[in-house]
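Undergrad: Have a look at this one before I ask anything.
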Amino acid sequence: MASTSRLDALPRVTCPNHPDAILVEDYRAGDMICPECGLVVGDRVIDVGSEWRTFSNDKATKDPSRVGDSQNPLLSDGDLSTMIGKGTGAASFDEFGNSKYQNRRTMSSSDRAMMNAFKEITTMADRINLPRNIVDRTNNLFKQVYEQKSLKGRANDAIASACLYIACRQEGVPRTFKEICAVSRISKKEIGRCFKLILKALETSVDLITTGDFMSRFCSNLCLPKQVQMAATHIARKAVELDLVPGRSPISVAAAAIYMASQASAEKRTQKEIGDIAGVADVTIRQSYRLIYPRAPDLFPSDFKFDTPVDKLPQL
């Protein structure tokens, strides 16, 4: 029951059985409840009061303190939309029982495609613990490629995966193709193709990867001590300087250097353990290791403490 006070132009909701009771408002459900008898006096009540809070968190992640998502500047309309709740009264339905007011988001097909790609990018980045700046750069790269329409015929998931790979390289935290493949549904070959096409389409480039780009992460994932990591880094760098590994990928050289350093220490790791982390096959590690093994005495740092002498290292 609603009664209007002379002192107040707005209707005041009261309990018909306890008109003087101060109603309790359930903000989540939008209900006005009488504390005396528990009667729900008003439902679907809208709070028309002023909102004095300031929202400084405009990240794309969910913010429980705001209504709806934050604005996305990469989309044409910022992804601002109106959500209509389900009706409860008879007036909310037509003669066939269907809701008269259906929730339709006024979003273009291109924005919808980009939104799906952005969600996929965020999911992939989260699975390999990449920071937000990588996600933002990837989203920007995808938007540029999508709007240029220069990769027509390529799946958006493949383009998104390649953009993530490029963003990692450009931000100085490179990931291998295998690592990107592991968190996407796209093959290494297809990501590689899109990678080359995107660089050409955007007329951009990425820095060449080196063994040092992966060494710290690989050794950390293998739970190797700092001494072994430093030795592996030194071995890989010297192998490149001495031109012992021409044509070999930095990842395979890094894996071989880690294998050599670990075998010389008390913290030994197998080729398979290293291969699983680096994303390379055992045979690939062996091929690079055989190239550097003959010069092993020249590759270790002078202060390295050997648990296994150089002449006792595996010959493979």
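The first residue you see is number 1, and the count goes up from there.
Cβ atoms are placed via backbone N, Cα and C, with glycine included.
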Undergrad: Do you know which of 54-58, 84-88, 119-123, 189-193 Swiss-Prot annotates as region 'Core promoter DNA-binding'?
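TA: That would be 189-193, the stretch labelled region 'Core promoter DNA-binding' in Swiss-Prot.
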Undergrad: Which is it, of 25-28, 49-52, 249-252, that Swiss-Prot names as region 'Core promoter DNA-binding'?
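TA: From Swiss-Prot, the annotated region 'Core promoter DNA-binding' range turns out to be 249-252.
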Undergrad: Looking at 11-42, 139-170, which one is zinc finger according to Swiss-Prot?
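TA: Matching range for zinc finger: 11-42.
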Undergrad: Tell me which of 43-46, 215-218, 227-230, 283-286 corresponds to the region 'Core promoter DNA-binding' entry in Swiss-Prot.
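TA: So the range that Swiss-Prot calls region 'Core promoter DNA-binding' is 283-286.
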Undergrad: I'm trying to understand the geometry here, so how far is the Cα atom of A281 (DNA binding site) from the Cα atom of C34 (Zn(2+) binding site), in Å to the nearest whole number?
TA: 70
Undergrad: Whole-number Å only: compute the distance from the Cα of C15 (Zn(2+) binding site) to the Cα of K238 (N6-acetyllysine).
TA: 84
Undergrad: Take the region 'Necessary for TATA box-bound TBP complex formation' (244-316) and count its residues per DSSP category (helix H/G/I, strand E/B, coil), listing them in that order.
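TA: Tallied per class, the region 'Necessary for TATA box-bound TBP complex formation' (244-316) gives 44 helix, 0 strand, 29 coil.
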Undergrad: From the Cα of K189 (DNA binding site) across to the Cα of C34 (Zn(2+) binding site), what is the distance in angstrom?
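TA: It is 65 Å, counting Cα to Cα.
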